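Everything below concerns the one structure shown next.
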Amino acid sequence: MLHLSDIGYAYLELGETRKAINYFEQALEIQEHSSTPLLEIASLLNNLGVAWGRMEDQRKAKSYLQQALEIKKSFYGESTAHPEIASLLNNLGGILGNLGEYRTAVSHYEQALQMYDQSTAHPFIAALLNNLGSAWVDLGNYKKAISYFERALQVSRSIYGETTAHPHIAGFLVNLGGAWGKLREHRREVSYREQALQMYRSIYNKQTEHPDIAESLYRLGAAWYHLGDCRKAISYYKQALQVNKRIYVETSAHPDIAKVLNSIGRAWRKLGDHRREVRFYEQALQMRRSIYGQQTAHPHIAQSLNNLGTALQDEGDYRKAISCYEQALEMCKSINDETSAYSDISLNNLGTAWSELGDERRAISYHEQALQTRRRMYGQQTAHPDIVTSLYHLGRSWGNLGEYTRKLSYYEQVLNMNRSMYGPQTAHPSIVRSLKNMGMALCELCDFKAAKSTFLEALAMAKQINQDQNHSLIKNIKRNLQVLKATEISLDNTYH
């Protein structure tokens, strides 16, 4: 059995995951008919859990890892601090995160971390801190995530050296960039991602054909996309695409290539070139189907269907868009019930499409389902950008039905949640937009005094953020104030 297990582990290290699983399963079958030591069985179950996790069968992975954890705890003691138990808790935390069970993942990582003396600089402590950061990113608490990533970076630098180029340090720089990006601090994001790219190039001796370099180029493209420079974004995406094609020259179809094609489509969407958008989304969808199987339910295929739906919606083909969203939603449900990755996006997209077709009641139903799904994913009381999106769409749809009081209520929730995420005193574009939308809702309720006050608050914050007084957001708020003034004058004339 040991021989089969070793071969399986070797294949796992080589990335031949299916072959690894085959050998691990053979080894497990043999051990059922022999007096194999419990710890060997636990190690085998752990390896199967890791392998199924890489195959993205998170349910199987969770089952194997839980069995392994039970054996280790029964052997070493339920409350014993042991490195093997900590390792399993860490592995299980990763799988739970992939299943959307983020709070349980945090609990597992924290249990593992408590088993180590945190005053000691150890690579596993850095890894756990990093994983906790990633889990808090998933839960939408980006400031807490940054705190963990910074601690992970500090531990790694104390191990490898302050100025040493090391893959772990580069990885933590990448994650810090990602967390700042989530806070929409994209300039900081670019800074961290550029540091990571330079470090990777130093590590790999300017070897361009490396996945870490391709990923760094891709992420820099995404950061520039969020900064509104889509041409620069496409430039980075194309560099990432070229590197990936050189890396995966033998396969031609690879998830990393499909991911970049998908993002190029998104950038063309922002530039208003919907034909190119559709073309790149279709290429990504075809590639993903060729990778995972034409009839396979897979999160990446669901993502591509969602994106193709948005492209078709942009072109005004709402019925075809709805068909794509429905396929994506059914796929998500078959993968992992209603809370699987991308199901909330499908529900959100179905809501927006039905709203465009004028069926606001149906739109509200989908947006409410999206909101419920997101609250299950992130926590009932958690402030998260996806929850903000659902609340906004619900407010908008109720407003379209003439229910302005309900609209205002949802917009107030949006404002409060944005302030909770970005800081109550922080000048932030999302808070400005929330104030502007609230001002519009107050106008519809004829509460012009409150509307004016809200618009002025939005304008002051927009000016604080943008030095350019001709910025579109500033101009838009000024227009709202002008319309409000004209409305007040008109009403005064009517009643005098």
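Using N, Cα and C of the backbone, Cβ positions are placed for all residues, glycine too.
Within the chain, the repeat 'TPR' (5-34) has long-range Cβ neighbours (under 8 A, six or more residues past its boundaries) at 40-41, 43-45, 47-48, 50-52, 54-55. Per TrEMBL, the feature repeat 'TPR' maps to 5-34 (among others).
Annotation source TrEMBL lists repeat 'TPR' at 42-75 (among others). Residues of the same chain lying 6 or more positions beyond the ends of the repeat 'TPR' (42-75) and with a Cβ under 8 Å from any Cβ of it are 1, 5, 8-9, 12, 17-18, 20-21, 24-25, 27-28, 31, 82, 84-85, 87-89, 91-92, 94-96, 98-99, 298-299, 336.
Among the features that TrEMBL reports, repeat 'TPR' is placed at 86-119 (among others). DSSP places the residues of the repeat 'TPR' (86-119) in helix, strand and coil in these numbers: 26 helix, 0 strand, 8 coil.
Listed by sequence, the residues of this chain that lie at least six past the ends of the repeat 'TPR' (126-159) yet keep a Cβ under 8 A from its Cβ atoms are 86, 90, 93-94, 97, 102-103, 105-106, 109-110, 112-113, 116, 166, 168-169, 171-173, 175-176, 178-180, 182-183, 378-379, 382-387, 421. Taken from TrEMBL, the feature repeat 'TPR' applies to 126-159 (among others).
Same-chain residues lying 6 or more positions outside the repeat 'TPR' (214-247) and placing a CB less than 8 Å from one of its CB atoms are 174, 177-178, 181, 184, 186-187, 189-190, 193-194, 196-197, 200, 208, 254, 256-257, 259-261, 263-264, 266-268, 270-271. Per TrEMBL, the feature repeat 'TPR' maps to 214-247 (among others).
Confidence across the repeat 'TPR' (258-291), taken as the mean pLDDT and rounded to a whole number, stands at 96. Under the heading repeat 'TPR', TrEMBL lists 258-291 (among others).
Within its own chain, the repeat 'TPR' (302-335) is flanked in space by residues 258, 262, 265-266, 269, 274, 277-278, 281-282, 284-285, 288, 341-343, 345-347, 349-350, 352-354, 356-357, which lie at least six positions past its ends and keep a Cβ under 8 Å from the stretch. What TrEMBL lists as repeat 'TPR' is 302-335 (among others).
Under DSSP, the residues of the repeat 'TPR' (388-421) split into helix, strand and coil as follows: 31 helix, 0 strand, 3 coil. According to TrEMBL, the repeat 'TPR' annotation covers 388-421 (among others).
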Secondary structure tally of the repeat 'TPR' (126-159) (DSSP, helix then strand then coil): 31 helix, 0 strand, 3 coil
